[in-house]
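S.K.: One structure is given below, represented as structure tokens, and several questions about it will come after.
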Amino acid sequence: MEVNDVSVREQLFHNRVRETFICVLLFTCLYILSYLILTHFKKNADYVTDDIEDATANKIALWLCTFTLSVAVCAVLLLPISILSNEVLLIFPHSYYMQWLNGSLIHGLWNLVFLFSNLSLVFLMPFAYFFTESEGFVGCKKGVMARVYETAVVLLLLTLLVLGMVWVFVALLNNHSARESLYDMWEYYLPYLYSAISLCGVLLLLLCTPFGLSRMFSVTGSLLVKPRLLEDVEVEINCAAFEEASLSRTLNRGSTACWVSVNVEPLRTQFLGVQAKRIALEMRRRASPWQRNLFYPLAMLLLLALTVACVLMVCFHVLELLFDETAMPSGMGDPRLGTASFSMFGSLGAAVQVVLILYLMVSSVVGFYSSPLFTSLLPRSQDTNLTQIIGNCVSLLVLSSALPVFSRTLGITRFDLLGDFGRYNWLGNFHIVFLYNILFAGLTSACLINTLTWAVQRELMRAFGLHKLPLTVSRTTIPLKLLLANGLSKIQ
């Protein structure tokens, strides 16, 4: 009996060591990737200064931002890794090389991401911001430790303020006397605060994702070469070259005549825009027929298919919510990987779910940076200060940590939430979940229809040359005969 107990303890010990090693290896790879991304965007002047103290504080804040960004990337990969792990175990149920992939490992990853995401959002990112802004208390010796002491005191006061506000809000909302013990704060108020933060992240995804799904068409179109529809690229290149040469001569004369910067700057901006237009036209001329006529339509059709698939899955989930109680998002204690597929279409459906989840995340990021409120946070290569980096890391962490709840609430996947992700208070409210699905389907459909109709109208107007008409002319009142005549003349 003792031998069996020893063998069981040894097996548990080896499993724990193996899971710890896998988690550390995964996080190390994500940390290196996040550091490379941040060093590509950071402003080097903030880290190479004459003040050694400021440079050290900025480096420490950059390390904290790297940790936060790596946690955000890991949160994005939580559902795809879980879904793919289940399908791999279904395909290879008795494989010796897949024994390390089990429910305990996946459950541990979910718990670690939940812990680190809340730690980064509540403590590390505020600490990084206050640490870069602090100078130490008056009368104390200057240095890095003085900044640490001031930041710790400010962060403690902020924590007490936030907890006090949550305590008052919960007491007013539930109409009963507030709880008093520290145990109640840990078991009741902190989970309530996490639930409120997650709800804000899910609402932010609700606003950004439909707008991002519509913006994906224009962003992808700017990266690819569009087909030449009734267009003479050579004429446009010559016109752009002539305009560029004229602006260049004007700028040269202005520099020799010592013009003031008020007259030169608009011309320089116009010159850069014309130069970028000429370069884009030359790229279109050098593009192969396959690249012009095949890649762009396929990319647009793929984006349209993914967006329509998301809307259809959400509509189907709305019907499920009306007739099936198990369609509600909930927490799962034991993942039980390898028992059944989480898609009715098997491995193919699981792969589609993974693609849709990643597509929704990319669309939400595009919609976030395209919205007027957050365009100032858009990072620029080698020209992003530390405050903007902190703001970007916090925003991406909020979006990514809400992605599993967002995907499960919309019914993109039937993989239930693990760990503390499934303990949010509002997940069991049918009215919130149902209204959320209706709003997402309606907003996405409206944005998609608006984007497609305006895109078709814009391309037709550009093809027939009607975009060159003066703004005072109403293009909606142009007769059809004039459209056809103008198009036939261009074809001839």
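The backbone N, Cα and C atoms fix where each Cβ goes, and this holds for glycine too.
Per TrEMBL, the features are:
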- 20-39: transmembrane segment (TRANSMEM)
- 60-85: transmembrane segment (TRANSMEM)
- 105-131: transmembrane segment (TRANSMEM)
- 152-172: transmembrane segment (TRANSMEM)
- 192-213: transmembrane segment (TRANSMEM)
- 294-319: transmembrane segment (TRANSMEM)
- 339-369: transmembrane segment (TRANSMEM)
- 389-410: transmembrane segment (TRANSMEM)
- 430-452: transmembrane segment (TRANSMEM)
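For the listed features, I'd like the structural context: burial, neighbours, distances.
M.R.: Below 8 angstroms of C-beta separation, residues 62, 65-67, 69-70, 73-74, 100, 105, 108-109, 112, 389 of the same chain, each at least six residues beyond the ends of the transmembrane segment (20-39), sit close to that stretch.
Beyond the ends of the transmembrane segment (60-85), by six or more residues, the same chain brings 26-27, 30-31, 33-35, 37-38, 42, 47, 101, 106, 109-110, 113, 116-117, 120-121, 124-125, 127-129, 131-132, 144, 335, 337, 342, 350, 353-354, 357-358, 361, 386, 389-390, 393-394, 396-397, 399-401, 403-404, 407, 413, 415, 418 to within a C-beta distance below 8 angstroms of the stretch.
Same-chain neighbours of the transmembrane segment (105-131): 19, 22-23, 26, 57, 60-61, 64-65, 67-68, 71-72, 74-75, 78, 81-82, 85, 147-148, 150-152, 154-155, 158-159, 194, 197, 334-335, 337, 387, 390, 393-394, 397-398, 400-401, 417-421, counting only residues six or more beyond its ends whose CB sits under 8 Å from a CB of the stretch.
Residues 118, 121, 162-163, 166, 170, 307, 310, 360, 362-368, 370-371, 398-399, 401-403, 405-406, 409, 420, 423-426, 436, 439-440, 443-444, 446-448 of the same chain lie 6 or more positions beyond the ends of the transmembrane segment (192-213) yet place their CB under 8 Å from a CB of it.
Proximity of distant same-chain residues to the transmembrane segment (339-369), defined by a Cβ-Cβ separation under 8 Å and at least 6 residues beyond the stretch ends, is recorded for 76, 79-80, 83-84, 86-87, 90-91, 204-205, 207-213, 215-216, 219, 306, 309-310, 313, 375, 377-378, 395-396, 399-400, 403, 406-407, 412-415.
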S.K.: Pairs of Cβ atoms less than 8 Å apart decide it: which stretch in 152-172, 389-410, 430-452 has the most with the transmembrane segment (294-319)?
M.R.: 430-452
